[in-house]
Structures are given as structure tokens and as C-alpha cells.
Amino acid sequence: MKNKLLFKIFLSLSLALSVYSINDKIIEVSNTSLAADVKNFTDLDEATKWGNKLIKQAKYSSDDKIALYEYTKDSSKINGPLRLAGGDINKLDSTTQDKVRRLDSSISKSTTPESVYVYRLLNLDYLTSIVGFTNEDLYKLQQTNNGQYDENLVRKLNNVMNSRIYREDGYSSTQLVSGAAVGGRPIELRLELPKGTKAAYLNSKDLTAYYGQQEVLLPRGTEYAVGSVELSNDKKKIIITAIVFKK
């Protein structure tokens, strides 16, 4: 527990100093796959009970519910402009700005009561934004052996991503249970949310157009530091483990 706390302290300091520098000793600590003191849901019923407490905490207004529901119908209408604007809402049209502010307000109404893992399924295009992992590397990675990914390329991916900080200018849709949503995306981004992280649990029919996906929506501009990149046991999934900076 002491080492994990030390890891989090160094990550927080690194955000202010540099997006690339984290002490080598801390990197070694970060290579654990799942921390024992972080909630990790595998049962849908338990996840739903936990998530419903966040909904109760939020006390959403009717306008909040409409904003969240409309977002889930087509998140690209909000996230697309946000990403093009580099997260600067002043560059958006007034209508989109209003929607963003409403979403910001809605998400801020509930926070995680404890540290918890959430998951985001990604396709390989995600790796095009990773500095140090070339287009040639990506092409080679796509040439799987019966669906199994090359260990050496994943090891290189770990080397270039480990201890680096990444930012999502849009909102981040995640799942409370691994694999709860539609599969087919070979990258699993496993995010640790520290206690007190702003997050909206949307698995309610009046909050999402896709009930059953166990969606947890994170604020726009979410930043996370990568601790490890590794293959699943069957080598068919690339697992990126990271910790989110609490907003």
C-alpha cells in the first residue's frame, strides 16, 4: 500500500514537471496488473448496485438527463468538435458550448466513493497517436498470427507508453465491467479512478440510449498515466493499465 501511495504521489508531481518524466523506481512499482485495494467488478449485478448509488448521489435534473441521454446517442457530435478545438470550448459554436457546460455540470454531480477500475475498449487506430510507435510498427502489429499479437511489438509499445501521460480532449466513455459492451476491439484501456473522481454512471434507461453497457462517463480533458502495456494470456488482447488524475 505504501509503494502504491508513493507511485500516485510521483505521478501527481510528474504532471506539473513533465509529461514524460517519472522516476524509474516508480515505473517498476507500476507494473502490477491489478491493485488489490482497488474495486474491480466482475459481476453485473454488483456493478449495477454500486453504480446506482452514484445516480442517487447525483440527483440529476430533467435537463441533466436529457443532456446525458442525447450524448450517448451520438457522442461524436460533442467529442468531434472538442478534439478539433484541442479541448478549448471557446472555439465551439454557442449551441455546442451550452451542451458541453451542461455535461460538465452533470458529470460533476457524482464522485467515486472508493478507487475503482473502469475499462475502455479501443481499436488499433488508437495507437496512431502514440509517439514512438511508428506506422510500420502498427502495420506489423495488425498482421496477427491467428488473432495473436506479436509480443515484441507489444513490448515496444510498453516501452514507449510506460509512465507517459495522455489526455483525452473529449469525454471518455468507459465500462464498469470488463467486456460488458460490444467486443471486437483488441485494446482494453484499464483505468484506475482514485477515490473522489468525478464520474457519471449511465446504466439507466433515462440516462443512456444503450442500456446494459455499464457505461461510466468521465469528464472531458481526462488525463491518465500509463503503468504497463501487456498481452492477455491468449495474446489476443492488448491491455493498457493506467491511473487517472482526479479532476
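Any Cβ shown, glycine's included, is placed from N, Cα and C.
Note that the coordinates shown come from a computational prediction; the quantities given were computed from them, not determined experimentally.
Swiss-Prot lists ARG120, SER173, GLU215 with the feature active site, giving sequence analysis as the kind of evidence. Feature annotation from Swiss-Prot assigns domain 'TR mART core' to 39-247; the stated evidence is sequence analysis. For 1-35, the entry in Swiss-Prot reads signal peptide, with the evidence type experimental evidence.
Shown here: features listed in Swiss-Prot, placed on the structure.
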residue : record      : DSSP class
ARG120  : active site : strand
SER173  : active site : strand
GLU215  : active site : strand
GLU215 (active site), number of other Cβ atoms within 10 Å: 24
Cβ packing number for ARG120 (active site), 10 Å threshold: 22
Reported mean pLDDT - the domain 'TR mART core' (39-247): 95
Protein Cβ atoms within 10 Å of SER173 (active site), excluding its own: 22
